[in-house]
Structures are given as C-alpha cells and as structure tokens.
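Each remark here refers to the structure printed beneath this line.
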C-alpha cells in the first residue's frame, strides 16, 4: 500500500491507495502537510467510519483536512520550502502505529528515509495501546502517555541543549534510526531534496 507524491509545475499530485486501488489528490506547489496511515478501520451500522489507530474523527473515509489522533506514524512534507528545496521526514513524535517509508524519485542525489521497524513489538506497557484482542496496535510517545516536560521538551526542557534523548525515545530510535523520535531529533531525521523530485510513500514496507 502506498502514496505517490508527484511534483507538477503548479501543483503536487498525491496518489494513495490499497492494493489494486488508488486515489489522487492535487495540492499546491508550496504545500506543507502530513500523511498518515490508519489501521483496523470499519463502518458501523449508522454508516460512521472509524479506525482503531490514527483515526481522524471525521466519521468518513476522507479526513477533510483533519489530522490523525495520536499515536500515529507520520510522513511530513514542506515542498518548495527554504531555498526552493523540499523538506521531508518520517516522524514518531506523535507515536507509532505502522512502519512507512519515503523514496524520492527522479532525483538521484536525494536520500530515502523510513521507519522499517515494528515499534509495537517492543512498546513498554505504559505506552502501549491495545486492541480488542489485547494485542499492541500502537505505541504512544512518552510525551503523550506521561505528559512530563522532560519528554515533551517544554518549560525548562524547551531547547535542544536541555532536552536530550530519553530511554523512551531511544526505543523508537533503535527501531527506526532515520525517523524523528522526539522533538529535537533534527540532525539525523530531516531530509532535503531539490524541488522537482517525486516521492513514493510506502506503508508497511
């Protein structure tokens, strides 16, 4: 399952879909946004659509601009940003629900990034979200689960110098070394590409 982000002269094209199906969305050339995958989705007897992870609370398949309810693995883009470059990353700052990857296309110098690991398999019980059968279906960030400034990088911990990695963030980092594991994980997690590249986003690579 994947999404194809295709850069156009005045727009970017975002194509998404399951096996055998696809959806295309055109976005402005200077688009910034997040892309996420939902899991364990269903429609109830009233026609309300919902998912057990990364639900956007729209009640339908389309999120209509709403973001994912954490925990959710995210792909983040700022297209045609500073210096005309594209900026992109995989973020687990809002937690983890599934592996994903970004692969630039049409630009040989641009680097792929991914979260290939299954954080759910090593998620501490205090961060774990469980499904109806008791299995771990998502893993909260320590900030979301514990709401402490040292995990959220707030207050006196609000700078890169005062908010280093924690044991919790390192669980995410060890599984997904290229992904953002906490707020100030910039050095190993932000990627750039000259404007004009296309991007393939793959869920569960």
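Each residue, glycine too, has its Cβ placed from N, Cα and C.
Feature annotations, reproduced from TrEMBL:
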- 1-14: compositional bias 'Basic residues' (COMPBIAS)
- 41-51: disulfide bond (DISULFID)
- 56-63: disulfide bond (DISULFID)
- 110-193: disulfide bond (DISULFID)
- 115-176: disulfide bond (DISULFID)
- 123-139: disulfide bond (DISULFID)
- 143-152: disulfide bond (DISULFID)
- 153-163: disulfide bond (DISULFID)
- 1-21: region 'Disordered' (REGION)
Winner by Cβ contact number (other Cβ atoms within 10 Å) across the disulfide-bonded residues 153, 176:
176
In the structure shown, which of the disulfide-bonded residues 115, 139, 152 has the fewest other Cβ atoms within 10 Å?
152
Across all chains shown, how many C-beta atoms besides its own are within 10 angstroms of the C-beta of residue 123 (disulfide bond)?
24
Quick check for the class: what is the C-alpha distance, in angstrom and rounded, between residue 193 (disulfide bond) and residue 63 (disulfide bond)?
28
List only the single closest residue to residue 123 (disulfide bond), chosen from the disulfide-bonded residues 56, 163, 176 by CA-CA distance.
176
What's the CA to CA span in angstrom from residue 110 (disulfide bond) over to residue 63 (disulfide bond)?
30
Among 51, 63, 153, 176, which are recorded as disulfide-bonded residues, the nearest neighbour of residue 143 (disulfide bond) by Cα:
153
C-alpha spacing of residue 56 (disulfide bond) relative to residue 139 (disulfide bond), in angstrom:
17
In three-state terms from DSSP, label residue 152 (disulfide bond) for me.
helix
Out of 41, 51, 56, 115, 152, give those disulfide-bonded residues positioned within 10 angstroms of residue 163 (disulfide bond), comparing C-alpha atoms, in sequence order.
152
Would you count the other C-beta atoms found within 10 angstroms of the C-beta of residue 41 (disulfide bond) for me?
13
